[in-house]
Amino acid sequence: METQRASLSLGRCSLWLLLLGLALPSASAQVLSYREAVLRAVDQLNEQSSEPNIYRLLELDQPPQDDEDPDSPKRVSFRVKETVCPRTTQQPPEQCDFKENGLLKRCEGTVTLDQVRGNFDITCNNHQSIRITKQPWAPPQAARICRIIFLRVCR
């Protein structure tokens, strides 16, 4: 009789551990990674955009070293680039090629990592690319000054 109770108690304990083990992965699966949250924000940007083509994540700045609370807003900063895929496409942006000379946008704001109640507050601005033109060679400023002084002294 005593053995039967012990085995029944052990069975219940095992059942509780099994249920607890099954519940934990589903709770942690509710949290997005920093990158996943940004990709969701890019999807939302594409949904709200009136531009002909969709954008794809080009560059993601380092995640903040904040707390791990999925409900607290995390600062994000990233760049997106226009793709060749039209807005009407059913294809995920990651499968679209970047458009040659496509528009670049710099996006900043906050995201939450909670998968169910994820919030995005993102602002994107056109990102002007800086074109560096090669200037004709000229001697350093100090050399020009010395040359001017030398010419005036010699005349």
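Using N, Cα and C of the backbone, Cβ positions are placed for all residues, glycine too.
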Candidate cysteine (C85, C124) that Swiss-Prot pairs with C107 in a disulfide: C124
According to Swiss-Prot, the disulfide-paired cysteine of C85 among C96, C146: C96
Nonlocal neighbours by CB distance (under 8 Å) for C107 (disulfide bond), same chain, sequence gap 6 or more: A41, L45, V76, S77, F78, R79, V80, I122, T123, C124, N125
Mapped DSSP class for C85 (disulfide bond), helix or strand or coil: strand
CB contacts for C85 (disulfide bond) [other CB atoms within 10 A, all chains]: 21
